[in-house]
Each structure stands twice: as structure tokens, then as C-alpha cells.
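Trainee: Encoded as C-alpha cells, here's the structure I'll be asking about.
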Amino acid sequence: MNRNDDWMQRDLASLWHPCTQMKDHETLPVVPIRRGKGVWLEDFEGKRYLDIVSSWWVNIFGHANERINARIKQQLDELEHVILSGFTHRPVIELSERLGRLAPTGLGHCFYADNGSSAIEIALKMSYHYWRNVGRPEKRRFLTITNGYHGETLGALSVGDVALYTDTYRPLLLDVIKVPAPDGFGLPREQWVEQARACFVHMERALERHAGELAAVIVEPLIQCAGGMRMYPPEYLTWLREACDRYGVQLIFDEVAVGFGRTGTLFACEQTGVRPDFLCLSKALTGGYLPLSVVMTSDDVYTAFYDDYATLKAFLHSHSYTGNPLACAAALATLDIFEQDDVIATNRGKAAQMERLAAPLREHAHVGDVRQTGMILAIEMVRDKASLSPYDFRERRGLRVFRHALSRGVMLRPLGNVIYWMPPYVITPEELELVAEVTHEGLEIATAD
Ligand SMILES: *Cc1c(COP(=O)(O)O)cnc(C)c1O
């Protein structure tokens, strides 16, 4: 009765899965998960899987974490939810105060939603609306870099550039300006800054040309995650802030995926020495427990909306579950763990181990690049090592890695030809060794012909 197959059949008869060609499941099993503990997930037949992708980049302190569980249970008996318009509650106030202290100084106003895409929609709308409120309604366009990803709703898709997700919907999207992204692919790290510098010329030119009609620039700081874990150095963002100031354009940092320690600092923007006008956070915000997102912004933005009601300057955007108390409680427990366990410092050792374990893979005949920023390490498979020419996406090399890893009890889910490790921070050295071993095997199998 409780066997995997039964659940799979019932699933396929009633569900439509995200980011999935459902026909794939004629040959590929859906894995029904019965329970989780730490980095491990377990199916209905007792087989365990190491969650090396942090359940789509959200889980940082393991499944069924006792401290987060306890905090949510306590909140559940007090208040599960309340409207956040005209009313407020303790977890959302405490969370806003703490985020305000942790984020770069000057981002003291928290506006909540319940997923990353919605946070992006909010930042885009707020930026446009800001310019409108200060008498510059012609500033209504957005500028971004290629290969970005900001979510799946239409506004978020518009500022994204991963063809697989955007191309089909192009006729529905906003007209966004895109310039080539800085990208350290295939380069030793010492050359990243030089590459980014050469690339910044395009950004500078676009800002100069379009400043009068631009509301904001939006980027994923340091790592373009869904775009294949492509990485670039913090210097680019420092130059970008300076240029945005010079041209009078706002700056949105989408830290939905990289916030909360992924890049080696709590927020990626700490490494840049600058602050954006909007900081978007979600995913790991609740430790991977509950949907919640927040857009943090400045006094300057906040006061541009602050006026008599009749001026119609207010930001009237809302979502039913905005600032949900259970989600905020999970976020508070997550921030407690960061504080109590000195997570950022401990992660440095784990990141160093990841680097050591992946180093031998650089020599592989079909590995074009091994790159790392903090707790994200990516291994890019290529057809030809010398020219770095990619495998055709139709060959689905990544899927071969996925299948093998699954059989070995590791949930390794490549993005096309890019294998990556994005572990929950509670992973142990032995578990990382297992991941490296299975990755190596998967790589051999996937590139054998
Ligand atoms: C996942 C992601 C989003 C979208 O978040 P959802 O919660 O999936 O809507 C936005 N930006 C980045 C950088 C992401 O990785």
C-alpha cells in the first residue's frame, strides 16, 4: 500500500509538476518522499537521498530541523495568520527589525510577499511608481544583464533572459534592455575582474543612452543561478552602483537565491561595499520551510510614497498571505541559528572542502569549468575542452548524471550541462565526500560517448 509505485501512479493521475515535461515520467520515476531529516530525504520504500540541491535552493539547516520546528509549533498555537493591512503581529515586526539590522544600512523598510517572483514584481512596480511619484513618469523601463533569472511571473520573466523559460512567452513580455553579462566561465579567477571590466563598457553605454527612460537596473549579485551558476566578481556591482548613481537610475539586487550565506557572506551585497535601492530576499529566508519573501528598501523610496491618501501615491500592491506569522516565525528561527552557530564562519571550512573535492574534476576531458563562490560549486560539462563548445541540450547529458546519482542515493539535479552542489549548511564532511564520488561516477557515465 505504501510502496513508491502506488504513490507515483496516484500522483501522475492527478498532478501537473513544475518545470517538468510530464511525458518524461513515462520513463523517469517521480520520487515520492515520505519524510526528511537533516540533509536526507526518504521514500516510501526506505531508500534515502542526499538533498545536495537544498530542495530547490531553499533548505539551509536540514529537513525537520528541531529548532525551526519548535518555533513554528509555538507560533501555531498563538496565531496562524492575520491580514497585514491595518493589522500587524509580533513575528513580522521582530523579523523586519532584525533584517533591518543585518542588511546594509539604509534598507530599513520591509515589504512582504510569499515568493521570489512576487518580490521581483514588487521591486519593479515600486521603482516605476517611485519615479512617477517624484514627477518622472517617463522613467518606466528596466535594464538588465543577459542570462539572468528572476522568476516566472510575467514581469519577472521580462527581466529574465534564460531562453528556455522566456522565449515562448516573449510576445507577452515587457520591452527590457539587456547587455552582455559579466561571466567568468572558462577563466581562472584571477581574470574575472578584467573580464567584468571589459563587459561593463556595455552597461555604461546603455545607462548613458537610456538613463532618461530607465527606472532601474536589476541583477542577481555574484551568481546567476538558474542561468547555469555563472559567476562574476563583486567589483562589477560596485561599478554598477556608482554608474546608477551618476545616471539617476535605481538598482535592484535579486538575492532570492544567493541571500542567507550562499556566497560566503550573509548577503552577497556585503562583498560589494554598496547597497541597492531594493534588496529582494526569499528562498532560504525561512530555512526552506514556508513561502515568504521580502523587498527591503530605503527612506528615499519610502518617503516618495508617503503622502495624503487623495494624492494616490500609496503602493496598493498586496497578497493574501503577506507576512504570514508562521513563515515569519520560521525566518526568526533561521536567523537565530545563523547567530547561535556562527554559520558563516563554519561554512568557510565546508566551502574549502568542496573546493578540494572538486579539484580533480578539472582534469576531466569533458569538464570545461569548475567554479565556486562560497557554498555553491558548479562543474560544467562540455563537448570539447579546448574550445569549450557545449553539448547539444537535446542530448540531455545532465539527465544521465541525475539518473545515476538517484540510483546512488544522491539528489543531484543538473541545470542542463551544469552539475552543481548547493548543499544545506548542515552537511558533514563524509556526506560531501559521497557527493563528490557520485558526481565523478555520474560525469563518467554522462560523457562516455
Ligand atoms: C527562484 C528565484 C526567483 C523566483 O522565486 P520563486 O519563489 O520561485 O518565485 C527569483 N530570483 C531568483 C534569483 C531565483 O533564483
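Each residue, glycine too, has its Cβ placed from N, Cα and C.
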Trainee: Which of D175, D254, D384 does TrEMBL put in the same pyridoxal 5'-phosphate site as G116, S117, H319, S320?
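Mentor: It is D254, as the record lists it for that site.
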Trainee: Out of the binding-site residues I have (G116, S320, R413), which ones have their Cβ sitting under 6 Å from ligand 1?
Mentor: G116
Trainee: Is it possible to get the count of other C-beta atoms within 10 angstroms of the C-beta of S117 (pyridoxal 5'-phosphate binding site)?
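Mentor: Step by step: centre on the Cβ of S117 (pyridoxal 5'-phosphate binding site), count other Cβ atoms within 10 Å, giving 22.
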Trainee: Measuring Cα to Cα, how many angstrom lie between H319 (pyridoxal 5'-phosphate binding site) and Y149 (substrate binding site)?
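Mentor: Rounded to the nearest whole number, the Cα-Cα distance is 22 Å.
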Trainee: Taking G116, S117, D254, H319, S320 as the record's pyridoxal 5'-phosphate-binding set, what's the max Cα pairwise distance in Å, rounded to a whole number?
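Mentor: About 23 Å separates the two most distant Cα atoms.
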Trainee: Roughly how wide, in whole Å, is the group W56, Y149, K283, S318, R413 that binds substrate, by largest Cα to Cα distance?
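Mentor: With W56, Y149, K283, S318, R413 as the binding residues for substrate, the largest Cα distance is 34 Å.
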